[in-house]
Amino acid sequence: MSQGTIKQKMPQQDANKRVNNFSEVALGYDEETAIKEAERCLQCSNPKCKAGCPVEVDIPEFIELVAEGKFKKAAKKVKEKNNLPAICGRVCPQEEQCEAECIVGIKNEPVGIGRLERFVADYIRDSEKVKPVKQDKGKVAVVGAGPAGLTAGADLAKMGYQVTIFESFHKPGGVLTYGIPEFRLPKEIVQDEVEKIKDLGVEIKLNKVVGKIKGVDELFAEGYDAVFVGTGAGLPKFLGLEGENLNGVYSANEFLTRVNLMKAYKFPKYKTPVYVGDKVAVVGAGNVAMDAARTALRLGAKESMIVYRRGREEMPAREEEIHHAQEEGVEFKLLNNPTRILGDQDGFVRGMECVKMELGERDESGRRRPIAIEGSEFEIDVDTVIMAIGQNPNPILLQDTPEIKTTDWGTIKTDESKETSKEGVFAGGDVVTGAATVIEAMGAGKQAAQSIDQYIQKQG
Amino acid sequence: MYKILDKNKLAPEIVRFKVAAPEVATKAKPGHFLIVRVDEQAERIPLTIADYNRDKGTITIIIQEVGFSSRQICNLDKGDAFLDLVGPLGEPIETKDYDKVVCIGGGLGNAPLYPKAKSLKEHGAEVVSILGAQTAEKLILEEEFNEVSDKLYIATDDGSKGKEGFVTDILEELLEAGEEFELAIAIGPMIMMKAVSELTAKYNLETMVSLNSLMIDGTGMCGGCRVTVAGETKFACVDGPAFDGHLVDFDEQLRRQQFYKEHEAKVKECDHIGGEHQCHKVQ
């Protein structure tokens with residue numbers, strides 16, 4: 001095969017340079033490279049890749065259009081199913097989804113589906129506005145402007161519903177805006193994608209905390225026929241350690257919100273400050289932890305380390321992100337668990353005590369259980385600690401609407417149609433699954449939009 | 001955009017705004033706060049809803065100049081607007097079914113204290129208020145408190161009005177004299193709330209304080225405002241801002257307030273050379 005056994009390389013910023021800026025690391029394909037990569041696709045008659053995509057993008061079809069140089073048409077094809085392709089192409093874990101199923105990937109590297117999706121989405125960034133379809137099928141309220149809510153809203157608008165999204169922050173996008181850093185996902189791209197969803201006729205009301213300014217019942221009283229809850233999992237977990245409230249201990253959510261949403265990396269032009277010392281420890285090893293550790297380096301930390309209680313194999317972050325973090329100089333302290341955070345006389349962090357761990361039997365999830373090695377406590381010298389050990393759903397909306405049943409973890413219970421225990425209220429994304437991926441949230445938003453359509457049609 | 005309908009100066013560096021925010025006014029209750037952002041570069045600043053008028057669709061906020069962001073807000077005029085305003089946030093406080101309550105306010109704390117005192121009075125409580133300020137000039141809302149209080153005491157640090165000394169001096173005299181209250185509400189600088197709580201603990205007087213912790217989102221998603229209450233971590237923005245003063249770790253709160261002192265100094269510097277638009281020159 002002339003196309004080669006590996007994916008076309010994507011140019012990226014040099015690690016030594018990029019660690020000093022917040023610009024995007026991966027620079028994207030040019031037209032020629034995109035065509036070359038598209039030509040690696042075998043155009044399977046029974047494409048497995050498509051089944052691996054939570055929003056079922058017509059992958060071989062759009063890739064064929066790229067191979068033919070019909071980039072606009074390719075983008076249109078993607079957009080039939082995916083409302084946020086410039087984002088998915090950048091942040092989806094394709095290695096676990098579409099690309100994991102690619103036939104080329106059995107012997108060689110799979111086709112770079114994500115890179116091609118990103119290419120076509122970027123290609124049409126400045127293209128003309130879409131015209132909204134006539135919105136006469138009913139009114140739907142969407143709570144939360146993250147990936148789930150934006151997708152549900154866009155799909156419902158395309159079906160002919162009048163959609164209003166209520167967002168508590170001053171900018172839409174959810175985790176795309178406050179969580180994922182600029183160097184992985186430029187905020188300009190997010191805002192552009194959101195603008196395109198607004199072009200479909202979706203109204204986004206900012207600064208509205210549903211559960212406070214109004215409840216779900218009030219939405220129904222205002223004439224909405226159905227409500228979709230896509231409020232995510234934004235409540236940070238702490239470990240309950242001694243010293244966790246010292247100055248210099250952040251939740252990853254706070255640290256990243258200051259930097260991404262409030263642009264604290266441009267302080268003092270932007271007025272929100274962020275504190276980062278010389279030596280930063282990030283507790284956890286998911287994508288959020290990698291984002292926090294890499295952000296700390298860009299803010300001037302001399303050392304940034306991941307502290308994780310399990311081993312290399314068990315780290316939940318994407319391989320690509322772990323690799324990028326390593327290239328940039330993030331250290332990995334594996335099989336270490338913090339036991340307490342140590343402070344100085346002014347109440348600032350001066351160190352962290354950890355215990356060494358070993359891996360025992362596999363638990364129900366299949367991961368080997370970490371066990372502390374008795375007496376192995378030691379201190380590490382750090383002045384900033386960022387907790388990135390996961391998030392739970394925010395309870396504000398649920399406290400106001402107790403009829404919506406939840407699990408012991410605070411996630412919303414839904415049936416297979418994504419309807420909650422309260423009639424006419426649907427839910428999807430992290431608020432149902434707990435913290436997961438952008439594309440899974442989008443898949444859930446898509447399914448919910450279908451169910452909401454059926455529900456409203458049935459009501460007549 | 002949220003338009004400023006009225007502005008007046010209550011004291012040097014303390015300003016009161018009436019803002020058009022009909023939806024917020026409909027839902028506001030004593031104890032609620034909101035978060036504002038002036039422009040694209042601004043911080044999110046938490047402010048108590050000091051009063052509200054549901055019929056007119058307005059809310060009142062009172063703000064004191066303490067740094068760049070508060071000065072930026074204080075410099076807004078009637079007719080200007082906030083870019084963002086979100087609320088009501090936090091848990092409202094219960095103001096029903098009290099017979100006799102003492103309300104203790106210090107400095108700007110009189111502003112968040114007022115809607116609580118007013119509501120307690122409306123619900124039939126006997127309200128005794130003790131207001132404190134550094135000087136007579138800096139005392140705010142005296143008239144408003146006069147209207148909702150059965151008795152009003154005033155303390156100033158320099159003795160320029162009322163008693164010379166602290167609000168705790170007056171409170172101690174009352175308690176010492178055997179006056180009995182069902183509840184004390186203290187709002188003011190952290191150090192003052194700590195002193196009140198230590199005093200009332202001796203008299204077993206239930207005490208509610210309202211914390212002015214650092215906040216970003218105000219909706220419980222970051223934990224920047226966390227506070228230890230009875231040994232447990234709480235988020236002031238969703239679990240509070242009102243807490244049992246006898247259970248709050250005030251020393252921790254005092255420490256956390258100092259977190260960004262150096263950053264605040266840096267923004268102040270940039271303010272001197274001509275405000276936000278030139279700030280990038282500093283960096």
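Cβ atoms here come from the backbone N, Cα and C positions, even for glycine.
If you look up TrEMBL, you'll see B:ILE62, B:ILE63, B:GLN64 marked as FAD binding site. According to TrEMBL, the [2Fe-2S] cluster binding site annotation covers B:CYS222, B:CYS225, B:CYS237. Per TrEMBL, domain 'FAD-binding FR-type' is recorded for B:1-95.
Known features from TrEMBL, placed on the structure.
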residue: B:ILE62; record: FAD binding site; DSSP class: strand
residue: B:CYS222; record: [2Fe-2S] cluster binding site; DSSP class: coil
residue: B:CYS237; record: [2Fe-2S] cluster binding site; DSSP class: helix
Local Cβ density at B:CYS225 ([2Fe-2S] cluster binding site) - other Cβ atoms counted within 10 Å: 27
Cβ contacts of B:CYS237 ([2Fe-2S] cluster binding site) (under 8 Å, same chain, 6 or more positions away): B:PRO46, B:LEU89, B:GLY90, B:SER213, B:MET215, B:ASP217, B:GLY218, B:THR219, B:GLY220, B:CYS225
Fewest-neighbour residue among binding-site residues, criterion Cβ within 10 Å, set B:ILE62, B:CYS222: B:ILE62
C-beta crowding around B:GLN64 (FAD binding site), within 10 angstroms: 19
Distant-in-sequence Cβ neighbours of B:ILE63 (FAD binding site), under 8 Å, six or more positions away: B:ILE14, B:VAL15, B:PHE17, B:LEU47, B:SER70, B:ILE73, B:CYS74, B:LEU108
Residue distribution over DSSP helix, strand and coil in the domain 'FAD-binding FR-type' (B:1-95): 13 helix, 44 strand, 38 coil
B:GLN64 (FAD binding site) to B:CYS222 ([2Fe-2S] cluster binding site) - Cα separation in whole Å: 25
Residue pair B:CYS222 ([2Fe-2S] cluster binding site), B:ILE62 (FAD binding site) - Cα distance, angstrom, rounded: 26
Against chain A, in sequence order - binding-site residues B:ILE62, B:ILE63, B:GLN64, B:CYS222, B:CYS225 with Cβ under 8 Å: B:CYS222
Residues within 8 Å of the B:ILE62, B:ILE63, B:GLN64 Cβ centre (excluding the FAD site residues themselves): B:LEU10, B:ILE14, B:VAL15, B:ARG16, B:LEU47, B:ILE61, B:GLU65, B:SER70, B:CYS74, B:LEU108, B:ALA111
